[in-house]
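Here's what Swiss-Prot has on this protein:
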- Asp21, Phe22, Asn23, Arg36, His59, Leu60, Gly61, Lys62, Arg119, Arg156: substrate binding site (BINDING)
- Lys206, Gly294, Glu325, Gly352, Gly353, Asp354, Ser355: ATP binding site (BINDING)
Amino acid sequence: MAKKVVTDLDLKDKKVLVRVDFNVPMKDGKITNDNRIVAALPTIEYILEQNGKAILFSHLGKVKTEEDKEGKSLRPVAARLSELLGKEVKFVPTTRGPELEKAIDELKDGEVLLFENTRFEDIDGKKESKNDPELGKYWASLGDVFVNDAFGTAHRAHASNVGIASNLESAAGFLMEKEIKFIGGVVDNPARPLVAILGGAKVSDKIGVIENLLTKADKVLVGGGMTFTFMAAQGQEIGKSLLEADKVELAKGLLEKAGDKLVLPVDAVVSKEFSNDAPFHTVSADSIPADEMGLDIGQATIDLFTKELQGAKTVVWNGPMGVFELSNFAKGTIGVCEAIANLTDATTIIGGGDSAAAAMDLGFADKFTHISTGGGASLEYLEGKELPGVASISDK
């Protein structure tokens with residue numbers, strides 16, 4: 001179903017409510033990574049160019065008690081956004097009431113306002129997170145049209161996305177549009193061959209994704225901690241490696257269903273301890289010593305995965321290949337990241353989270369077609385689930 005995008009709306013002289021994802025990491029009141037703010041700029045700038053009034057709002061962290069408010073204000077975000085836009089961003093330190101309403105009424109065309117953390121509404125009965133209908137209706141009453149550009153929360157039905165959209169004409173912002181196009185494209189209509197690379201620690205986190213992608217992808221390459229549950233399902237010794245014992249039968253079923261579509265590592269980098277200081281070495285996947293644990297894929301697996309990627313037209317990657325925060329066990333993730341980045345004739349997509357962080361740390365971000373801004377949202381999209389934040393946007 002085609003959704004309206006911001007370019008479909010008449011924005012001149014309009015009060016434009018914009019749900020952005022400014023859930024940025026902070027330390028001592030300072031923003032440590034402003035990627036999410038930068039990602040929202042095209043939508044905000046377009047609204048201002050069209051002489052709309054931009055009324056922005058976002059959540060920041062979890063807020064359950066008054067004490068939780070400490071360090072969760074969006075004030076530093078307003079200051080950073082103002083620097084990035086090169087113009088004043090009016091900050092309103094509340095989520096409802098006369099102060100906010102007056103500030104919106106006084107807003108002129110081409111001006112920007114950011115109001116306080118939407119999750120401050122969660123202190124009294126989780127009104128934001130539980131999509132309180134009165135709150136959604138109230139926020140909707142503050143604007144003429146609604147633009148949802150927060151893909152990172154699209155898998156949640158909150159008052160600030162679904163609640164407003166059910167009361168007001170709405171459209172996707174440019175970032176949301178891009179996410180629907182690329183992440184949705186993997187599920188709906190990928191250029192083939194489609195190769196999925198899935199990593200991370202737990203099978204339980206990725207079951208839905210593996211099941212769905214086995215029906216869509218030409219190959220599914222599996223790395224990371226969840227590998228060992230699959231190896232155990234094949235009757236291999238995995239030593240002290242991470243094992244989800246209650247998921248072995250399920251892994252067995254997935255292996256049977258997948259046939260040669262599912263590709264597992266052929267070697268592992270092992271150590272006796274989960275530490276960067278402990279000695280480590282590489283062994284073949286079927287001979288992990290009883291007193292050691294696998295913490296990364298080895299070079300033979302990097303080579304195998306690189307070979308499987310050749311000729312792919314669409315690649316989607318979600319989850320690291322090993323404990324990449326420890327440098328001794330980061331080579332698998334780096335190797336896979338490089339292999340995908342070097343593909344010249346493919347649409348390459350990273351499904352957010354740790355993989356996105358890895359690509360950025362390695363300086364490969366610009367080598368990928370699309371890096372998703374939503375970890376949980378992109379995973380649920382890849383599972384084939386309908387995302388409430390997307391479904392609630394007006395159809396064209």
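Here the Cβ of each residue, glycine as well, is placed from N, Cα and C on the backbone.
Model, not experiment: these values are computed from the prediction.
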* Spatially closest candidate among Asn23, Gly61, Arg119, the listed binding-site residues, to Ser355 (ATP binding site) (Cα to Cα) -> Asn23
* **Maximum Cα-Cα separation in Å among residues Lys206, Gly294, Glu325, Gly352, Gly353, Asp354, Ser355, which the record lists as binding ATP** => 24
* Asked: Hey, what's the Cβ neighbour count for Gly294 (ATP binding site) at 10 Å?
  -> 29
* To do: Let me know how many other Cβ atoms fall within 10 Å of the Cβ of Asp21 (substrate binding site).
  => 25
* Asked: If you count the C-beta atoms lying within 10 Å of each candidate's C-beta, which of the binding-site residues Glu325, Asp354 ends up with the smallest number?
  -> Glu325
* Most crowded position, judged by CB atoms within 10 A, among Asn23, Ser355 as binding-site residues -> Ser355
* Across all the protein chains here, work out how many other Cβ atoms are within 10 Å of the Cβ of Gly353 (ATP binding site). => 18
* About how far apart, in whole Å, are the alpha carbons (Cα) of His59 (substrate binding site) and Gly352 (ATP binding site)? -> 18
* **Span of the substrate site, taken as the largest CA to CA distance across Asp21, Phe22, Asn23, Arg36, His59, Leu60, Gly61, Lys62, Arg119, Arg156 (Å, rounded to a whole number)** => 18
* Count the Cβ atoms, other than its own, that fall within 10 Å of the Cβ of Arg119 (substrate binding site), considering every protein chain shown. => 25
* Structure fact -> Top of the binding-site residues His59, Lys206 by count of other CB atoms within 10 A is His59
* Should Asp354 (ATP binding site) be counted as helix, strand, or coil on the basis of DSSP? -> helix
* Chain-internal residues near Gly352 (ATP binding site), provided their CB is under 8 angstroms and they sit 6+ positions away -> Gly152, Asn318, Ile371, Ser372, Thr373, Gly374, Gly375, Gly376, Ala377, Ser378, Leu379
